[in-house]
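Participant: Got a structure for you, questions after.
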Amino acid sequence: MAKERHPENPTIKKSVSSPFMNTASKTFSMSEVNKHNSADSAWIVVHGNIYDCTRFLKDHPGGTDSILINAGTDCTEEFDAIHSDKAKKMLEDYRIGELLTSGYISDSAGSSPNTSVHGASNMSFLAPIKEVAPTRPVALVPREKIPCKLVEKTSISHDVRRFRFALPSEDQVLGLPVGKHIFLCATIDDKLCMRAYTPTSSIDEVGHFDLVVKIYFKGFAKKLAMLAGGTGITPIYQVIQAILKDPKDETEMYVVCANRTEDDILLKEELDDWAKKHDRLKVWYVVQESIRKGWQYSTGFITESVMRDHIPEGSGDTLALACGPPPMIQFAVQPNLEKMKYDVKDSLLVF
């Protein structure tokens, strides 16, 4: 969750919360960490180390909410579930100290409710974005997971399903503000899996909530258009890696990766090596500013022209994957995909 390099003589505003760039290893209690749970001061605990992510909020590919929902908590399990090894190494740029462990049990330790779930289970857990105050009891509790059992599955079309989850109590409402999303978590094959969804049921529904999910069956997409900004390349990288590991998988992949400069490009050596070895992988880079002579790729931003030149046009067997800063997704990726005949509702997955 950090940039791989900093410019020389950087001017970075100090967080209101942290002993910024202190080389000495400090220790903090969990009660102190709990206080840093806002956009002004966002600390997290991962594997006993404390990180101040405040200055990374605006650059996080998953959006500010993805960090703030875990601010002030031990999110070891959640972090490991959705980040690559490269991202885990980058996190060190934000380390400010260690957790004082005396008398404290990590949320990711054996006492976690997730540890009682084994294999592919129908028990899932929700982490809320924020509280609301309806008249009925609210199921969501800020920064805590609640167990919700899958009680019904309805087939809406050949590739769309509606999943109904029961809340812990029959008299509760979910308590999520309109337009916000939840993180649905489940332990599958001994690994935590997390996905963000916006419920389709009314905010007044009592005792349950519904999710409508499009199912992508194996072999659905023969071509993948992959658009990444900054550290957003990490989930794209994982998808590429999984496809290339299967010699029988003939999926064609077209990657457009945007960054500030050449030195900000993550995993470039690995991507270039794969592209040389596998004809079905094409990689194109876009940098806002080239800092070296002889740059052979695009300079500027992701535009319609760049996308038309380097990813396939939308079709029944083409799927777009995107991860990057929200403005990139909203103002560059989505509108230009629509111009290229992509149905962004059904043929675009945003990480």
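Numbers run from 1 along the shown chain.
Using the three backbone atoms N, Cα and C, a Cβ is placed for every residue, glycine included.
Feature list, courtesy of TrEMBL:
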DOMAIN    25-100  domain 'Cytochrome b5 heme-binding'
DOMAIN    143-254  domain 'FAD-binding FR-type'
BINDING   Arg195, Tyr197, Val212, Lys214, Phe217, Thr234  FAD binding site
Participant: Check the binding-site residues Arg195, Tyr197, Val212, Thr234 for other C-beta atoms within 10 angstroms of each C-beta and report the one with the most.
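Facilitator: The most densely surrounded of these binding-site residues is Thr234.
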Participant: Across the domain 'FAD-binding FR-type' (143-254), what are the DSSP residue counts per state (helix, strand, coil)?
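Facilitator: Counts, helix then strand then coil: 16 helix, 52 strand, 44 coil.
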Participant: In sequence order, which residues at least six apart in the same chain have a CB under 8 Å from the CB of Lys214 (FAD binding site)?
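Facilitator: Listed in sequence order: Asp159, Val160, Asp346.
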Participant: Provide the three-state DSSP residue tally for the domain 'Cytochrome b5 heme-binding' (25-100): helix first, then strand, then coil.
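Facilitator: The counts are 33 helix, 22 strand, 21 coil.
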